[in-house]
Amino acid sequence: MKVLIISAVLFITIFSNISAEIEDDFLEDESFEAEDIIPFFENEQARSCIPKHEECTNDKHNCCRKGLFKLKCQCSTFDDESGQPTERCACGRPMGHQAIETGLNIFRGLFKGKKKNKKTKG
């Protein structure tokens with residue numbers, strides 16, 4: 001029995017030393033420095049969505065979601081001070097999406113009104 005306990009303790013000691021060395025080697029190989037992390041955060045900030053009525057001229061596919069649908073980048077052409085046509089875009093809700101959401105809100109309001117009436121009757 002003593003031999004079994006001594007060999008178990010010896011095995012655990014050797015195993016813990018080996019795993020500690022492997023972990024140290026892994027951390028040295030995969031170490032992250034500030035220069036490695038900064039570009040990651042810059043990319044994350046660039047991917048944040050563009051809210052409603054904000055300009056999306058340079059990033060037309062990155063408008064936020066509002067309600068049921070994602071906002072669309074809607075563009076218009078204007079003449080600048082020099083008379084050259086320039087395109088300006090802003091995130092907005094298309095009329096079709098706006099009509100659908102308004103209709104659904106009215107429809108939901110009808111059912112909420114019926115539930116309130118049932119509660120007041122009983």
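Quick reminder: no glycine exception, Cβ is built from N, Cα and C everywhere.
Bond annotation: of Cys49, Cys56, Cys89, Cys91, only Cys89 is listed by Swiss-Prot as forming a disulfide with Cys75.
Of the given residue ranges 1-14, 99-112, Swiss-Prot assigns the label region 'Predicted alpha-helix' to 99-112. For Cys73, the partner cysteine in a disulfide bond according to Swiss-Prot, taken from Cys49, Cys56, is Cys56. Here the candidates are Cys49, Cys63, and Swiss-Prot names Cys63 as the disulfide partner of Cys91.
Taking the Cβ of Cys89 (disulfide bond) as reference, residues of its chain lying under 8 Å away and at least six apart in sequence are, in sequence order, Glu55, Cys56, Thr57, Lys60, Cys73, Gln74, Cys75, Ser76. Note on proximity: of the disulfide-bonded residues Cys63, Cys64, Cys91, the one nearest Arg108 (arginine amide) is Cys64, by Cα distance. Over all protein chains present, the Cβ of Cys75 (disulfide bond) has 12 other Cβ atoms lying within 10 Å. Reported as a whole number, the C-alpha separation between Cys64 (disulfide bond) and Cys91 (disulfide bond) equals 8 Å. Look at the region 'Predicted alpha-helix' (99-112): DSSP puts its residues at 14 helix, 0 strand, 0 coil.
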